[in-house]
Amino acid sequence: AVAMAAVRDVEIDPEGTFKYILVRLQRPGGEERRDIVRGTKAAEFHNHIFEKVNPEMEKLGYECKCLGGGKIDHNSKDKKIRVFGLSTGYGKADHSVTVEILKKVYTDYEITWSDDKK
């Protein structure tokens with residue numbers, strides 16, 4: 001099995017506004033767990049993202065649980081990311097957790113979140 005640390009914290013589109021989900025990885029029967037962020041414009045619905053991530057992670061030996069979703073507005077020119085909104089199917093992710101994960105990767109960005117729908 002692949003080490004949990006080898007799984008990328010964040011995989012999101014480089015630009016634009018798109019849906020995202022917060023996913024918890026866990027080894028079956030294990031204590032080790034980690035939350036990752038995935039988002040893309042290619043996904044019309046939040047479950048499309050999960051349907052892509054889940055089999056990838058299962059291959060690596062992890063169970064996935066979607067902790068909720070929302071939207072990300074990624075402005076690479078101004079180095080700003082805004083996290084907001086919610087997923088109808090999965091409910092609202094804890095955006096404050098999402099922001100902390102994004103900050104690990106986008107260290108020189110201004111990253112904010114709100115409960116706004118738009």
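Each residue, glycine too, has its Cβ placed from N, Cα and C.
Record features (TrEMBL):
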type	residues	note
ACT_SITE	HIS46	active site, proton acceptor
BINDING	LYS19	substrate binding site
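Sorted by the number of other CB atoms within 10 A, the recorded positions LYS19, HIS46 start with LYS19, the lowest. If you measure from the Cα atom of HIS46 (active site, proton acceptor) to that of LYS19 (substrate binding site), you get 6 Å.
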